[in-house]
Amino acid sequence: MSGVNEIRSAFLNYFAKNGHDIVPSSPLVPRNDPTLMFTNAGMVQFKNVFTGLEKRPYHRATTSQKCVRAGGKHNDLDNVGYTARHHTFFEMLGNFSFGDYFKDRAIELAWNLITKEYGLPKDRLLVTVYSEDDEAFGLWKKIAGLPESKIIRIPTSDNFWQMGDTGPCGPCSEIFFDHGDHIFGGPPGSLEEDGDRFIEIWNLVFMQFEQVAPGNRTPLPKPSIDTGMGLERIAAVLQGKHDNYEIDLFQALIRAIAELTGADPQGEQKGSLRVIADHLRAASFLIADGVLPSNEGRGYVLRRIMRRAMRHGQLLGAREPLMWRLVWALVREMGQAYPELVRAEAMIEETLRLEETRFRKTLERGLTILDEKSGSLKKGDMFDGDTAFTLYDTYGFPLDLTQDALRNRGISVDIASFTDAMDRQRAKARASWAGSGEAATETVWFGLRDKLGATEFLGYDTETAEGVVTALVKDGKEVEALKAGDAGAIVLNQTPFYAESGGQVGDTGVLTGEGVRFRVTDTLKKAGDLFVHFGTVEEGTVKPEAALALEVDHSRRSSIRANHSATHLLHEALRQVLGDHIAQKGSMVAPDRLRFDFVHQKPITQDELRRVEDIANDIVLENDEVTTRLMAVDDAREAGARALFGEKYGDEVRVVSMGKASREHGSNAFGWSVELCGGTHVRRTGDIGLISVTGESAVASGVRRIEALTGRHARQSANAAMATAKAAAAELRTTLDDMPARIASLMDERKKLERELSDARKKLAMGGSGAAGAADGGADVRDVGGVKLLARAVEGIEIKDLKSLVDQGKKQLGSGVIALVAKSEDGKGSIVVGVTPDLVARFSAVDLVRKASEVLGGKGGGGKPDMAQAGGPDGSKAQAALDAIAAAIGG
């Protein structure tokens, strides 16, 4: 049982034998929990079970949970690579009891696992208990036979767990392993407890109280158990290692990195190897769970992780993208336990490759900006920390690289102000993740769900029905009546109204009864499967137990059905045209339009869009029957039905199929497009009428979006487009067929005129004959200390044209310096300085342009010794800037 995979399996199988359901790891992006950026503990997916808001079909569970700690208060990112046990990604083994067994059984199960199944020597184990938890103290003594000296009472909050200011809470008991007296450190609670000798391997939380208010706790009627054991830590113990990075899983990854880079796993670059191994795991699992690199939220944290790893790849000498070439090694080690890693392997590789390619461009851009911002600084000066943070936060330019680049010039970074800026950013990020405060209002829905049960949905077969009012809600509270003019919500025993889910908007319509009319403006799901009808009472008073006639807006529902079925066809068509890596990231199905978001790393060409549209419309024209069937979820997936990753499905699922399975790109025997879907659909594909793709765009890095119309909306859009095209053709005095050629001709003519205008501006700026005339003994050429200087302020010239004029001037001067300053419409000044080859040993264009930039109010400048550019906010001082250059040459 020495390998990580064997240790994980042994844990799960042990608890399964002891009556626990093995529950798969939840995604790293928490479902329905806006308070967390990432899943960071095993209990996260059971949070609502512990609080009583959710019920599961089991009372005991065991998991191996994927966790990430790289944001918010749980942030291990900066420590990774420098300690033996910090990770951004880790696995947490756990067992849970929801009102079933409690302390005695939890302690017995834990002790038997580590001493009998895992075989740890009892004399190297000790435990802690909360100082007031006499019960746990006695149970450890009785069950484990531990002497009192090895049952340590801890009076601090380290051994008392709370979910928040209110909610379930209780004492903890931690199990520690003694690595031996050859390692510094004392037992928990001692002065030397921060040493590495005694390492916590398992934490048992005994949830036995309800925190009603600060200082006010009441006993829970059904105490529960939540435990967590870091897989990497227990693996290190079982493999006789004191360092998590020396376990078999990490060593396999480190060997793969070393083979690609030539680095010595035990040499000076050991830290970089560890960073890459850890960050490879975090980045790969986050991408597999649907997170993609971006500049905000979860995507921003992922980007930080990836770029930190890529920077360490550079330190190892990697000159080409490295991380994507390591994914295979991770899949080999962890793919069996986490099949989502196997499914997403190609996407992970492509995302890492593209991000590292972009990062190299970021490095180049960052160095240029750094040069400009630090140009006026001298040896011994300090670089502004706010600017360093802007480079880091806005441009992705790492602080350590900023420090390295400035160190050669004897310039340090103001770390204090950088840290202040970082703290401000973190505070802002924490505030954005502080949650929406909806938990209290959601309680009413969970309470109604417990009391009333699930709503029976009739809408697959009908748009009209009769129902009985079972509850009324107004302003987040259950009420006994809704009167005319009241805005509120109605819960019914059954309904044909579809509740918003899976990207499909909720139905609208009317509920009518004797003297009563309620206009439904939206239908939403609450507490899982409680259908709630939101709207306004137009007539009468609605009361519980009233019988109502329920009528969905037929025209709106028909349009929604067409758009939802069209998303399925477009999804499959995209896979056929672009490849099987296409995976849905989201959708919006409304009555008047649809959009579909999917994983793809580059823009879709117009030809590809046309092919996608044509393929989807071919299925529409075939007018095939759309079939639905109920299947066991495992059978449906095995049959090839596509599912939205991370979506929660029940044991039985609805499978929607359309198109002939015999088509070239058929999904399986059920049809051409086969997906798990709970939405409403057309009866035949011909009911869609027409699919018109209206746009394609980027949503985030690696995520594209297509938008489309169907049916009459598509027809109206096509008619409007045709009318616009005809009007444009008339203006151009040509036909529709000849219009593209006519436009191309006009564009060529425009480019020609723009070139002529640019040439004219250059000549005018240089006195009517261009740089040559001005340079050839013109009034603007003067002798400064034996050096010819052509210096002139010009109007209306862009920076790229300034460079061109300076190049011409250098050629005409033969030997000398040319400086041109242009004032823009907004009053800013731009300056370009050129030095002929024979003078670059005496004068650097970079030094000269920086002198001028200071006069214009700018800082720094950049370029090469023979050509440099800069700018400043005050273009009115153009002549003074040129005089500063002359003074520098003459000095």
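Keep in mind that glycine also has a Cβ here, set from the backbone N, Cα and C atoms.
Annotation source Swiss-Prot lists Zn(2+) binding site at HIS564, HIS568, CYS677, HIS681, citing sequence analysis.
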Checklist outcome for this item: Going by C-beta under 8 A and a gap of 6 or more residues, the same-chain neighbours of HIS568 (Zn(2+) binding site) are VAL656, MET658, SER673, GLU675, CYS677, HIS681
Checklist entry - In sequence order, what residues of the same chain, 6+ apart, have a Cβ less than 8 Å from the Cβ of HIS564 (Zn(2+) binding site)? => result GLN504, VAL589, LEU594, CYS677, GLY679, THR680, HIS681
Checklist entry - Applying the rule Cβ within 8 Å of the centroid of the Cβ atoms of HIS564, HIS568, CYS677, HIS681, what extra residues of the same chain belong around the Zn(2+) site? => result SER565, THR567, VAL626, VAL656, MET658, GLU675, GLY679, THR680
Item to check | DSSP-derived structure type at HIS564 (Zn(2+) binding site), helix or strand or else coil | outcome: helix
Item to check | For CYS677 (Zn(2+) binding site): DSSP state (helix, strand, coil) | outcome: coil
Item to check | All-chain count of other Cβ atoms within 10 Å of CYS677 (Zn(2+) binding site) | outcome: 24
